[in-house]
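These notes are about the structure you will find just below.
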Amino acid sequence: MSIDTIVAIATPPGRGGVGIVRISGPKAYAIALCLNGNKALQPRLATFCSLYKGNNEVLDQGLVLYFKGPHSFTGEDIIEIQAHGSPVVLDLLIKESIAAGARLARPGEFSERAFLNDKIDLIQAEAIADLIQASSDTAARMALKSLQGDFSKKINQLNEELIYLRMYVEAAIDFPEEEIDFLNDGNVSQLLQRIIGRLEEIRSQANQGVLLREGLSLVIAGRPNAGKSTLINNLAGRDVAIVTEIAGTTRDIMREHILLDDIPLHIIDTAGLRDSDDLVEKEGIKRAWQELKRADCVLLVVDINNRDQQNSLLNELRLTLPNKIPIITVYNKIDTTKLTAKCDEHTVYLSAKTGEGLDELKKVIKQVVGYQPTEGQFLARRRHLQALDEAKALLLTGQSQLTNHKAGELLAEDLRLAHQTLCEITGEFTSDDLLGKIFSSFCIGK
């Protein structure tokens, strides 16, 4: 447990009916007695008290709750004071708590103490922040599942299988005189393949969680007057970009945020891509290329009446952008032709003006980025995906060592590193730098 005692306001800034001050640490109970005039508190019971300044002047009345460690969120003694939600009153309670021996908590320090005292793992700690910041009902439900341990259980079960395989492999290395040749034993290969399959399944589910948490950066690109601004207006359901017949109207980056089946979609409209001598337009085009290189997905909007635009610009995009960025070609202005809306894997025919084909576009976007709502069972972060990818790469390397070289020692080392990488997800093995980065992004009172 920590030596010092921390205090912070646990409710959002501003005025409200109720404001909560949270205290955690060895002096929490003594500080509460200083604030409530030495009125005894029973664990897990709300006690109505007058709250005093150091000079015994009453500053408010409210409820005081006492959670005795280790049976509390942080694992330490916790006091929660529910006072009136006046910023002045709450600030005075903070000052009096500090005068009585507490210090102001760092962002996320309550959750950090819960993690360090083994009350929650790192996934659950992150889920607290994700639940607070959830942008949709689905994201909130998935964050709650992570907080309840759904994601952690999957990682822990995977680790248990990996530990068993490590024990089997390392025991066979340590006792080579045994009659069984583990390198040619199909059991090792089967176990390893099963673990890789389970890891891929969890990775797919985690990817859905990342999409729900972080959303998707969707950049709209194309030649001038292809209908990019009309498209962003239609996707947003309101006029966010100026639309005229004058080529080059959009000269700067335009951003809009919407929900696409609970996926936060960060839409970015860009200047028309062409050669220009206009200094302002050239700067807009430069910024457009910067956004394109950071995109999760690109919509290449093409005027269907000028299809020759498509090939040259599509080739330029493919040569310039990383291969991992998918490009959806959107043939716009079908309302000026006899064509109807349709789509395939990376192509959509629509009218941004009338909205015909917009549903098909949304469907293709979800398919291209791999969104499968039936698979999303918990919220996840990019660091989780990176760890899962790294663990898979190590397991595949180990599989190669076993299959091609019969190198048991090298297989054992790859299994050890994969196990350690997976443990970083839950925080069993985690650097102090990563912990600092994660918890510093929390609210002060969390």
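Just so you know, glycine gets a Cβ as well, placed from its N, Cα and C.
Now, the feature entries from Swiss-Prot:
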- Arg22, Glu80, Lys119, Lys446: (6S)-5-formyl-5,6,7,8-tetrahydrofolate binding site (BINDING)
- Asn225, Thr244, Ile246, Thr249: K(+) binding site (BINDING)
- 225-230, 244-250, 269-272: GTP binding site (BINDING)
- Ser229, Thr250: Mg(2+) binding site (BINDING)
- 215-370: domain 'TrmE-type G' (DOMAIN)
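Feature annotations (Swiss-Prot) mapped to structure.
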{"residue": "Arg22", "record": "(6S)-5-formyl-5,6,7,8-tetrahydrofolate binding site", "DSSP (3 states)": "strand"}
{"residue": "Glu80", "record": "(6S)-5-formyl-5,6,7,8-tetrahydrofolate binding site", "DSSP (3 states)": "strand"}
{"residue": "Lys119", "record": "(6S)-5-formyl-5,6,7,8-tetrahydrofolate binding site", "DSSP (3 states)": "coil"}
{"residue": "Asn225", "record": "K(+) binding site", "DSSP (3 states)": "coil"}
{"residue": "Ala271", "record": "GTP binding site", "DSSP (3 states)": "coil"}
Rounded distance in angstrom between the Cα atoms of Arg22 ((6S)-5-formyl-5,6,7,8-tetrahydrofolate binding site) and Lys228 (GTP binding site): 50
Candidate with the highest Cβ count within 10 Å, taken from the binding-site residues Asn225, Ser229: Ser229
Neighbouring C-beta atoms (10 Å sphere around the C-beta of Lys228 (GTP binding site)): 30
Integer Cα-Cα distance in angstrom, Ala271 (GTP binding site) to Ser229 (Mg(2+) binding site): 9
Between Lys119 ((6S)-5-formyl-5,6,7,8-tetrahydrofolate binding site) and Lys228 (GTP binding site), the C-alpha gap once rounded to whole angstrom: 50
Cα distance (Å, whole number) from Glu80 ((6S)-5-formyl-5,6,7,8-tetrahydrofolate binding site) to Ser229 (Mg(2+) binding site): 51
Arg22 ((6S)-5-formyl-5,6,7,8-tetrahydrofolate binding site): tally of other CB atoms within 10 A of its CB: 24
Sequence-distant neighbours of Glu80 ((6S)-5-formyl-5,6,7,8-tetrahydrofolate binding site) in its chain (C-beta under 8 A, six or more apart): Ala10, Ile20, Val21, Arg22, Ile23, Val64, Leu65, Phe67
PLDDT averaged over the residues of the domain 'TrmE-type G' (215-370): 82
